[in-house]
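Enquirer: Have a look at this one.
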Amino acid sequence: MQAPSVGGVRLPKGGGETIRLARGASLTDFADKIDANPAALVQVLFHLGEMVTATQSVSDDILELLGSEMNYNVQVVSPEEEDRELLETFDITYGEDAGDEEDLQVRPPVVTVMGHVDHGKTRLLDTIRKTKVLEGEAGGITQHIGAYQIETELEGTPRLITFIDTPGHEAFTAMRARGANSTDIAVIVVAADDGVMPQTVEAINHAQAAKAPIVVAVNKIDVEGANPDKIRQQLTEYNLVAEEYGGDTMFVEISAKQGVNIEGLLEAILLTADAALDLQANPDMEAQGVAIEAHLDRGRGPVATVLVQRGTLRVGDSVVAGDAYGRVRRMVDEHNEDVTEATPSRPVQVIGFTSVPGAGDTFLVVGEDRVARQIAERRQARIRNAMNAARRKRVSLEDLDSALKETSTLNLIIKGDNSGTVEALEASLVQLEVGDEVELNIVHRGVGGVTESDIDLATASDAIVLGFNVRAQGKATERANREGVDVRYYTVIYQAIEEIEQALKGMLKPEYEEVELGKAEVREVFKSSKIGTIAGCLVTSGQIRRNAKARLLRDNVVIAENLPVNSLKRFKDDAVEVREGFECGLTLGRYSDIKVDDVIETYEQREKPRA
Ligand code: GDP
């Protein structure tokens, strides 16, 4: 059978074999797999209308398109899968307890506190920590490391609970987005004087999506006008039915500020864990878990708080977290005390990484420093590739030209300093009139800084983020850069509107109109072996310009169109343009059917300005 060809390029042809390519692979990677010349693939894509260099990362779509063109079944491998395969090459399995049923031991629940802003999440986490530290033997000085563990009692038995100490569901979603499910139980805080609010609902959705059982902390019961029953009522709508109403969700009335019924909340967490979950892990294996928080410390270098999920982490272990690696030189707990080993559900701050891992990165202990380094390096390379691919794909205002080929919808996320401005901005934007071919779609709007979950959403929906009188929070900028999300900040409403309007207009496909430039009559025809057929003409109106387009008329009938005017000459000299009343010689590309008395009409396509 003949090899298929596109635009005259002969394609390497597969027999429907499956080819696995990493997300963000380049044409060179593809060519390697099928033993072809990368240049041939570049050419093929060119004929399919895509200009791509051999080493540039390309999108999933392009890889698949190219595959189907050449009869290969392209499978784009997700980063998670790829990572699993990477670890397999070192004989490592992440995410599973080694050994049998007998090797498993009970581990404490890990809790995330979520809820609407100002409902008391931070206060609650502080109160729990303080109450417990006063009781404990530890010195009383606590430091914020991103998580802490407390000891309490349930029916006379001492029990531990781990709290993730970064309130809000952003950290929670960020971790989940990276496949690291760190939370066993979600405590949803609802202020009794305020009731269920948008972020309460969002938090519930996140928890339910993660299949984490929920305990509802009805907070601020000390405030006058607090109405805990209304909250029980409201939450039934979200499938959270209180035990008193015959459901299985525990509602606990507390005051984070006055320290009321904190014990009751801790008890509810443990009871819920015991009833709904079977929390066990094997402590006798090389530790695995997730990095919760990390930063560069001036004195100590990179420090990362990791939550051990299985195995035991010890000083001296070789570790990898995301694309960072190192050896545990020192571990400290939330009381700033040295720890030599950390068992499942224990958060510890690790010193000894050579670079800073990302929050949400998985971490694991490996047998040798060399292996840790190799895994980290392979991941770095992959992140670089993925970043390049993302850059290409994501929309930015400057880049709309290419984006409009795929879509004529401009997706926006609007964040502002208060709901009034956000609404005003949104209202003005949706009123922008730029024609039917393009539309504006507000994917999300909200009050507050640009967060990492805004960036996640922008990534997922190919949106541009507008920040009005607000700035990025936490690692949002870092993430936006990594994902190639365009984030724009404004302080003047008109400026925002103007830029978006320009962007939308830019998305319209340009409209062209023909502008006649001039006419000439053919007086003589010469044939030249070197440059083809030359028409000796007299310009009868307007002007004849080199590189303009021409059509040829004979007896008022168009016999050829879209011909290029080249080698325009006045006598022996090259001319750029020749005006009415003058004679000139010209060729119309390689077109040769030119006769005396033909008329050459020249014109130009000009982009029509938009109103
Ligand atoms: P977050 O945004 O959910 O972290 O809320 P914060 O913990 O920052 O609390 C918001 C405000 O509510 C602060 O001024 C707290 O002092 C106050 N607050 C928190 N819990 C209680 C409570 O139980 N009773 C009263 N009266 N105020 C509280």
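Counting starts with 1 at the first residue shown.
Note that Cβ sites are derived from N, Cα and C of the backbone, with glycine treated the same way.
If you look up TrEMBL, you'll see 115-122, 165-169, 219-222 marked as GTP binding site. Per TrEMBL, domain 'Tr-type G' is recorded for 106-277.
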Enquirer: Cβ under 6 Å from an atom of ligand 1: which of these binding-site residues qualify? The list is Asp118, Lys121, Ile221.
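Expert: The qualifying binding-site residues are Asp118, Lys121.
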Enquirer: Between the binding-site residues Gly115, Ile221, where is the Cβ count within 10 Å the lowest?
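Expert: Minimum Cβ neighbour count within 10 Å, taken over the binding-site residues Gly115, Ile221, occurs at Ile221.
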Enquirer: For Lys121 (GTP binding site), which of the three DSSP-derived states applies: helix, strand, or coil?
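Expert: SS state of Lys121 (GTP binding site) = helix.
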Enquirer: Can you tell me whether DSSP puts Gly115 (GTP binding site) in helix, strand or coil?
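Expert: Its secondary structure by DSSP: strand.
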Enquirer: Under 8 Å Cβ to Cβ from Thr166 (GTP binding site), same chain, six or more residues apart: give me those in sequence order, or none if nothing qualifies.
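Expert: Sequence-distant Cβ neighbours: Gly146, Ile292, Glu293.
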Enquirer: According to DSSP, which kind of secondary structure is Ile221 (GTP binding site) found in, if we only use helix, strand and coil?
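Expert: Looking at the DSSP assignment, Ile221 (GTP binding site) belongs to neither helix nor strand, so coil.
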Enquirer: So what's the average pLDDT for the domain 'Tr-type G' (106-277)?
Expert: 86
Enquirer: Restricting to the chain of Asp118 (GTP binding site) and a gap of 6 or more, list residues whose Cβ falls under 8 Å of its Cβ, or answer none.
Expert: Ala191, Asp194
Enquirer: Run through the Cβ atoms and count how many others sit within 10 Å of the one on Lys121 (GTP binding site).
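Expert: A 10 Å sphere around the Cβ of Lys121 (GTP binding site) contains 25 other Cβ atoms.
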Enquirer: Using DSSP and three states only, what is Thr166 (GTP binding site)?
Expert: coil
